[in-house]
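Colleague: My questions will all concern the structure given below.
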Amino acid sequence: MFWFRSFCINASRYHKSFNMPPIDGTSQWLQRTIESAAVIVFSKTTCPFCKKLKDVLAEAKIKHATIELDQLSNGSVIQKALSSFSKIETVPQMFVRGKFIGDSKAVLNYHNNNQLQAIVNENKYDYDLIIIGGGSGGLAAGKEAAKYGAKTAVLDYVEPTPMGTTWGLGGTCVNVGCIPKKLMHQAGLLSHSLEDAQHFGWSLDKSKISHDWSTMVEGVQSHIGSLNWGYKVSLRDNAVTYLNARGMLLSSHEVQITEKNKKVSTITGNKIILATGERPKYPEIPGAIEYGITSDDLFSLPYFPGKTLVVGASYVALECAGFLASLGGDVTVMVRSILLRGFDQQMAEKVGDYMENHGVKFAKLCVPDEITQLKPVDTENNKPGLLLVKGHYTDGKKFEEEFETVIFAVGREPQLSKLNCEAVGVKLDKNGRVVCSDDEQTTVSNIYAIGDINAGKPQLTPVAIHAGRYLARRLFAGATELTDYSNVATTVFTPLEYGACGLSEEDAIEKYGDNDIEVYHSHFKPLEWTVAHREDNVCYMKLVCRISDVSLCRLLLSIT
């Protein structure tokens, strides 16, 4: 859940109307809004001439943003300031890309003379908005911008993984993240439900119960394919141009596109949004890239991974290890330091303890040094190969064991080197992410960044979607609302799920001091666990509070 200020949207098919909060610097805001918006109408809800203009635009199927001045506390101030841009004092007033088009009479005249569409289409750039990246944030921004008449293009290109895996439109979450992860997590949970079933009266012959990996993968990938197709249809229905091509910045308004057939061309845009997401990292050790895989490969893997080593302790690592173990896999997690860095460490340890008590092995304070192939993957029969992993513990003890699959989940990183960001003035931080202001603007005034590449922001799909929509509204509809990145809830889908919102206990103490923090906690047992005789004192709830403010900080380790 996001905690954000109210932002009223009155929607009709071809226009959006925003109830904006009071703003300072009216003339400056008006200038930015008029110059940025593709098509915008200043109106009043009670004005018959305003209704007439909007009816004309609806008849012409021209999408636009509408600002209803009588719905704003400072509407009269805005209307007075408008006269310096239009030279008239009444409404409605229609602007197209910074140019005043006229009132209802003028717009009706253009429409009757078949000139209105040409006026709306006139543009010094190929597009009002170019979005590089077809993930959740980019798609949300593109469709939202198009609602207000912005001519929009979305570029999406997937660089194949070292083992050749690629996927369709929709980004990480849909193809190699949230969606397949959650579905395979569900498959794992069903194995525990089968164990519980006999206590609820079900008679099951365990000798006949088995799991078929290929059937699950086929079902998951079929669903993903339907989502990929749905995104393409949605872009088409919203008049957003989809380009299956790699984008590279040439200047603040120019983007070079390279298609799959190597054809190169250039397009221009008034505004550009970077939304390219991140990809998994590989450790710099011999054999990692040649023989290891990541979550980008796992969800479409044609064979069951078998005996698996998961390297890393991130939520991706533990989630993958969790469902693989629940599906009957022999799984070891190699942990360099701590589990779930950035999360409450008491909760992280409880997640790890539960996994360890349910069959997942841990090699703690250990790192890999080398991977060698003992037997290649049997592609003909869809069977894993055999790998020898050598590593060491922090105390100097050696680690050496054979595995059929090695999955790296040691973090993710942006792929911005090929985007030419710094050459055009877009500043990156030490981790290669884009430095942005609170409104997602980069160090180049007309270029913005959303999603995982926005430095310091939560790397979550709902966050990217929210940021994309709100950015599009600010760019093309005169909105002022910013995305509130504080207190964003998140969930780790390990076998015992962990949900949290706010500060961890460690962060709360660091921010407010140990004497100003009080923790309320309790173990509990879900009703569903009682009949099945599952263990006690596993599920746990924790509230971290600031004594002087009594504000909740973080909570909940539980099942759903």
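The backbone N, Cα and C atoms fix where each Cβ goes, glycine too.
Nobody curates TrEMBL annotations by hand; they come from automatic prediction.
Computed from a predicted structure; not experimentally measured.
Pulled these features from TrEMBL for this protein:
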- Lys182, Gly247, Asp452: FAD binding site (BINDING)
- Gly312, Ala313, Ser314, Tyr315, Val316, Ala317, Leu318, Glu319, Gly411: NAD(+) binding site (BINDING)
- Cys173-Cys178: disulfide bond (DISULFID)
- 39-101: domain 'Glutaredoxin' (DOMAIN)
- 127-468: domain 'FAD/NAD(P)-binding' (DOMAIN)
- 488-546: domain 'Pyridine nucleotide-disulphide oxidoreductase dimerisation' (DOMAIN)
Colleague: Could you put numbers on the helix, strand and coil content of the domain 'Pyridine nucleotide-disulphide oxidoreductase dimerisation' (488-546), residue by residue per DSSP?
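Modeller: Tallying H, G and I as helix, E and B as strand, the rest coil: 16 helix, 22 strand, 21 coil.
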Colleague: Based on Cα distances to Gly247 (FAD binding site), point out the closest of the recorded positions Cys173, Cys178, Gly312, Ser314, Val316.
Modeller: Cys173
Colleague: Please work out the number of neighbouring Cβ atoms within 10 Å of the Cβ of Gly312 (NAD(+) binding site), leaving out its own Cβ.
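Modeller: There are 24 of them.
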Colleague: In angstrom units, rounded to an integer, how far apart are the Cα atoms of Ser314 (NAD(+) binding site) and Cys173 (disulfide bond)?
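Modeller: Between the alpha carbons of Ser314 (NAD(+) binding site) and Cys173 (disulfide bond) there are 16 Å.
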Colleague: I need the most crowded of these binding-site residues: Gly247, Gly411. Count other C-beta atoms within 10 angstroms of each C-beta and give me the top one.
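Modeller: It comes out as Gly247.
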Colleague: What is the Cβ neighbour count of Leu318 (NAD(+) binding site) at a 10 Å cut-off, with all protein chains included?
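Modeller: So the number of other Cβ atoms within 10 Å of Leu318 (NAD(+) binding site) is 26.
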Colleague: Counting other CB atoms within 10 A of each CB, which of the recorded positions Cys173, Cys178, Val316 comes out lowest?
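Modeller: If we count Cβ atoms within 10 Å for the recorded positions Cys173, Cys178, Val316, the smallest count is at Cys178.
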Colleague: By a simple count, how many Cβ atoms lie within 10 Å of the Cβ of Asp452 (FAD binding site), its own Cβ left out?
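Modeller: I get 27 for this one.
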Colleague: What's the CA to CA span in angstrom from Gly312 (NAD(+) binding site) over to Cys178 (disulfide bond)?
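Modeller: Distance (Cα to Cα, whole Å): 18 Å.
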Colleague: Do you know which of the binding-site residues Lys182, Ser314 has the most other C-beta atoms within 10 angstroms of its C-beta?
Modeller: Ser314
Colleague: Show, in sequence order, which residues other than Gly312, Ala313, Ser314, Tyr315, Val316, Ala317, Leu318, Glu319, Gly411 on the same chain lie with their Cβ within 8 Å of the centre of the Cβ atoms of the NAD(+) site.
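Modeller: For the NAD(+) site, the extra neighbours are Val310, Cys320, Leu340, Ala409.
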Colleague: Please state how far apart, in Å and to a whole number, the two most distant Cα atoms are among Gly312, Ala313, Ser314, Tyr315, Val316, Ala317, Leu318, Glu319, Gly411, the recorded NAD(+)-binding residues.
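Modeller: Between the most distant Cα atoms of the NAD(+) site, 13 Å.
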Colleague: Between Leu318 (NAD(+) binding site) and Lys182 (FAD binding site), what is the CA-CA distance rounded to a whole number of Å?
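Modeller: About 13 Å separates the two Cα atoms.
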Colleague: Tally the residues of the domain 'Glutaredoxin' (39-101) by DSSP class, grouping H, G and I as helix, E and B as strand, and everything else as coil.
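Modeller: So the counts come to 27 helix, 17 strand, 19 coil.
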